[in-house]
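Each remark here refers to the structure printed beneath this line.
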Protein chains: 2
Amino acid sequence: MSALTHNEITALLLALGLLLASARILGETAQRLNLPSVLGEILAGILWGPTIFGALAPEWSAFIFPAQGGGALAFDGLTTLAIALFLLVAGLEVDLTTVWRQGRVALWVAIAGMILPFSIGFSVAWWSPEWLGYQPGVPHLPFALFMATILSISALPIIAKILMDLNIYRSDLGVTIIAAAVFNDLLGWLVFAMILGMLGVNQGIPLAHTLWITLVFTASMLTVVPWCIHRLLPWIQAHTSWPGGVLGFAFSFCLMTAAFTEWIGVHAIFGSFLAGVALGHSSHLRERTRATIDQFVSFIFAPLFFASIGLKVNFSEQFDLVLTLTILLLAVTGKVIGSACGGRLGGLVWRDAFAVGFGMSAQGTMGIILGVLALQMGLISHQVFVALVVVALVTSLMSGPLLQRLLGLRKARRFCAHVGAKTFINPLTAYSKDGIIMELATAAAEVVDVDVATISHAVRQRERLMSTGIGRGLAVPHARLPELTEPVVVVGLSHGGVDFDSPDGLPAQVICLILTPVQDDGAQLEILADIASTFKIKEIREKVGGVSNFTEFLALVRSGQGR
Amino acid sequence: MSALTHNEITALLLALGLLLASARILGETAQRLNLPSVLGEILAGILWGPTIFGALAPEWSAFIFPAQGGGALAFDGLTTLAIALFLLVAGLEVDLTTVWRQGRVALWVAIAGMILPFSIGFSVAWWSPEWLGYQPGVPHLPFALFMATILSISALPIIAKILMDLNIYRSDLGVTIIAAAVFNDLLGWLVFAMILGMLGVNQGIPLAHTLWITLVFTASMLTVVPWCIHRLLPWIQAHTSWPGGVLGFAFSFCLMTAAFTEWIGVHAIFGSFLAGVALGHSSHLRERTRATIDQFVSFIFAPLFFASIGLKVNFSEQFDLVLTLTILLLAVTGKVIGSACGGRLGGLVWRDAFAVGFGMSAQGTMGIILGVLALQMGLISHQVFVALVVVALVTSLMSGPLLQRLLGLRKARRFCAHVGAKTFINPLTAYSKDGIIMELATAAAEVVDVDVATISHAVRQRERLMSTGIGRGLAVPHARLPELTEPVVVVGLSHGGVDFDSPDGLPAQVICLILTPVQDDGAQLEILADIASTFKIKEIREKVGGVSNFTEFLALVRSGQGR
């Protein structure tokens, strides 16, 4: 039986460990800078790949990330599995009922947003293929179809993430964008499946067969199969251990549909995406099962896959600015104008129609995944691949800010973003409300240019109107100060507890002083709401008394975000 | 860059899907029969391996589970990863403080329980190696050391599972057994690491170096590293997204320590086991993070690994009864007598000392893992491998029942084990307490040989003593009946609610009638407690009104077990 050698195992484990660690670190850094984490993950791969580490230490690089041999094959198997599982999660996010609900507008957006960039992409790739980096010898029709598809595809997971960040995921506009993106995704994958069929990746199955099998399979995965799964899941949960039964079912179902689509000649990930759609449709799939799958895949497998992209190509050598800009221009104009026209035809006002267009323009992960497949099949050159990755990243980076600017939105504020080590007091020593306010105001005065008396006066005045003890041991004295430009929050822990006239009569043990500018753009309200909802979590309330420093406090409070 | 072919990907995904599905199904079946799930998982592999499927359909088998080529290498890489992650979870279960707390007895048990079987195993393997299936040409000293180690190793995860099932995991005796097993595991792995060093698996590093690096590494993973991790975790949780930061850290740490131990010449899984021990020691690692890791590994990776064992060998052709019985005899007598003597020396009475011995005799997963490694290195023949797997399974199967018999223990009863489709009434139609009791008694009378009047009379009499409405919409009328031999539970849902004089004044909507034999061995109390704790979970209380049949009810109630 073929087995990996001792050195191959060492290298494989080391490669996985290094890639995962750096992908997570750079992914977190990207998020901190309000960029999509996929950017940091790909960057991690570029660092370890031929672009940087491979150029600096070619021998080490050849040992840890071998291009040939057993280790490379095992690594390839793992990334194939990783991307199949990532598409399972992407499929789980698709809500079919949403698509039908916002159906009319979404359909217009999806169709117009697909047809325009597809036609533009196809025309250019057909009549001026050299503009898009066409290599002689590559079959022309599949190449043109591929470039057309990649210019017209959207990235459902990225779009969902952007809309959630902007807090408009559940709004009408958000639902329209998501529904259009779902439709767009399904359509895009179907076209891509046909390209693969044309290339005869499947050995022996004629193209016509691949096509009709794909259509029948897709149709049943959207209708009959979800119906069966919805009926099967309660039975599985009743008769197997929880959550092992459901997890095992979800994964083996995903793997088998992936094997099936790979076998008929369209790619494995099309099958796992549809498996996710079919599974996610059932309301019997519990939130916690979804969360377990999602966490594992998003934080372990997805970073590994995206990091592996950077390993494939030398990004500095193969970067072609003109090519990248051409593709970027075609991708953005076609997608934005097409989708906006679709939205207008569906009855939206122009502003909303363009918002939809900007929302749909994020190519993100899907563009990259299709690029990887095309590269593997020799359909595109390394230059085109690098250009596609860059375009996917740039469109993902632009989409959020453009949408935000156009609609005048912002991200939801979190209170802990305004607390620092200097504005965290543990323990508070005063016994009275006024004493506590003075203590908190003193800490606040150290970080802003306002004197203690002004702060405490403003807070006490507000307090006189109505007490800010809101119960469950929490009090939120607050004030607006004309001198401020940014909100400041001071958190103090009183171990004995201080009476803040709470409705439930309990003494306050966590006191958060919130100071905001006069023109605060809703910051005070948002911070108040965030504090209240954070301390609504029983575990956080119980454990907050035990934290010994600011870092532990932050760790505790942020753990509530995952719920 | 080496990549898997279209056919290899199809086969790999199909193989994973089939193995996972059948391993989960047979694993669940085994659990249903009160057997360890690992038995079912290995059986799934035997079904798909050369023993059965390979013999029936050799061509299909060669396609799906190839022994050579890229697919086989990718599969090998995946199972290597799977077993490394499984050992991470096994390590997480080790509680170092437990070991120190029950230190003295545990140390005696661990040492005596290691020395006796080790000496027996070594003596036999050294002087009569042919009894243990020694093949000429294999280095004799490593072979003897390996057989001695495998006869003296315990399986921490299996032992922990058995003790939890018997509800004595937190008792003094349970803690002693666990502590001894932890010690035993560490010692066993250390010896095994030395054997690997002797075999010169590491190319270039001399044996002496491997030995002292292993010792220094182990010592630091048990002392300095846990200390650092305990200080690092709050920082990670404070400054990264949750739970992505911690998960990423845990896995990349595990992968890198695994790569390190593989590199120095002891196996990767020794590193990931110690990584688990070091991580698990920190109280900052949240329960939910542990649960996410544990669920994913136990339900996805572990089944895949154990199923892959069955693929390696033809279990019917290579089965040698005499060899198996010899190894079994040596393993059990050495381990039980050694550990029992250790326990006695540590101050236990003989009964408890033998209980410890039986507890320690489960070789389970560890025996199998060591067997796989030894087979890969050509240290043992296929016959010995099959014998080791069988011995590991038999000892795991015996350990629980023997312990149970000796201590007169039983498993905790669950109320849903006594409810059937016939004894689930939805909705109840009566409006009064007496009417409801009559309705429930009627259903009970259908499944037991007692008439309705007798049942309802007994229940009403009990009800007159004190009402059985226990609040939160739950009522538990109950009675002991001399006619019964087994407990019977009838569950009825009243959508309008019926007054049961609950302390909180709320009408009862879930009414569970509990009928037990007069000599019920505590069954009534256990079932009552189980019902109360099940419906203490808010989600279950809220959703129970919406279930439409018995299967959905069972699914809901069992989902509470995972919490």
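Placement of Cβ uses the backbone N, Cα and C atoms for every residue, glycine included.
The feature domain 'PTS EIIA type-2' is assigned by TrEMBL to B:417-560. For B:72-93, B:105-128, B:140-163, B:175-199, B:211-229, B:241-260, B:266-284, B:296-315, B:321-341, B:353-374, B:380-403, the entry in TrEMBL reads transmembrane segment.
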**Message:** With Cβ-Cβ distances below 8 Å as the criterion, list the same-chain residues six or more beyond the ends of the transmembrane segment (B:211-229) that contact it, or say none.
**Reply:** 96, 186, 190, 193-194, 197, 205, 253, 257, 260-261, 264, 266, 270, 274-275, 277-279, 281-282
**Item:** Local confidence of the prediction over the domain 'PTS EIIA type-2' (B:417-560), expressed as mean pLDDT
**Value:** 84
**Item:** Per Cβ pairs under 8 Å, the stretch of B:72-93, B:140-163, B:296-315, B:380-403 packing most closely against the transmembrane segment (B:105-128)
**Value:** B:140-163
**Complete:** Under 8 Å Cβ-Cβ from the transmembrane segment (B:296-315), and at least six residues away from its ends along the same chain, one finds 16, 19-20, 22-24, 27, 38, 41-51, 54-55, 65, 75, 78-79, 81-83, 85-86, 88-89, 365, 368, 372, 375, 382, 385-386, 389
**Item:** Other parts of the chain folded back onto the transmembrane segment (B:266-284), taken as Cβ under 8 Å at six or more residues beyond its ends
**Value:** 80, 83-85, 87-97, 185, 189, 192-194, 196-197, 210, 214, 217-218, 221-222, 225-226, 229-230, 233-234, 237, 250, 253-255, 257-260, 290, 369, 373
**Request:** Sort out the residues at least 6 away from either end of the transmembrane segment (B:321-341), same chain, that have Cβ-Cβ distances under 8 Å to it, and list them.
**Result:** 109, 112-118, 120-121, 124, 131-133, 150-152, 154, 180, 350, 353-354, 356-361, 363, 383-384, 386-388, 390-391, 394-395, 398
**Complete:** DSSP puts the residues of the domain 'PTS EIIA type-2' (B:417-560) at 64 helix, 32 strand, 48 coil
**Message:** Using a cut-off of under 8 Å between C-beta atoms, tell me which stretch among B:72-93, B:140-163, B:175-199, B:241-260 contacts the transmembrane segment (B:380-403) the most.
**Reply:** B:140-163
**Request:** Could you pull out which residues elsewhere in the chain have a CB under 8 Å from any CB of the transmembrane segment (B:140-163), counting only those six or more residues past its ends?
**Result:** 36, 38, 89-90, 93-94, 113-122, 124-126, 129, 132, 134, 169, 174, 177-178, 180-182, 184-185, 188, 191-192, 194-195, 198-199, 327, 330-331, 334-335, 338, 359-367, 370-371, 374, 379-380, 388, 392, 396, 399-400, 403
